[in-house]
Amino acid sequence: GPQRPAYPQSAEYGSCALRKMSIMEALELLDQLVDESDPDVDFPNSYHAYQTAEGIRRAHPDKGRADWFHLVGLLHDLGKVLALFGEPQ
């Protein structure tokens, strides 16, 4: 039969045709989302992202040269912006 993509989402999102944005734009956009997994939070979702990155930096000062580790903390929830474009949370 026909070959299916290894990741079904790649057919829809692979070309990034919905919208292109910078990381900062995505973080700002994330603030418009009410996260179903934590709806009672009184601070913006971007604050959580920065808080996580800073928490990683503080918990692992020995990894100061591993900028990717802090970056993962900052980016870990960015996929949630897809909910603003009709994807389920």
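Numbers run from 1 along the shown chain.
Glycine too: its Cβ is placed from the backbone N, Cα and C atoms.
Positions annotated as Fe cation binding site by TrEMBL: His48, His76, Asp77.
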His48 (Fe cation binding site): tally of other CB atoms within 10 A of its CB: 18
Shell of the Fe cation site beyond His48, His76, Asp77, same chain only (C-beta within 8 angstroms of their C-beta centre): Asn45, Ala49, Thr52, Gly73, Leu74, Leu75, Leu78, Lys80
Residue among binding-site residues His76, Asp77 with least C-beta crowding, 10 angstrom cut-off: His76
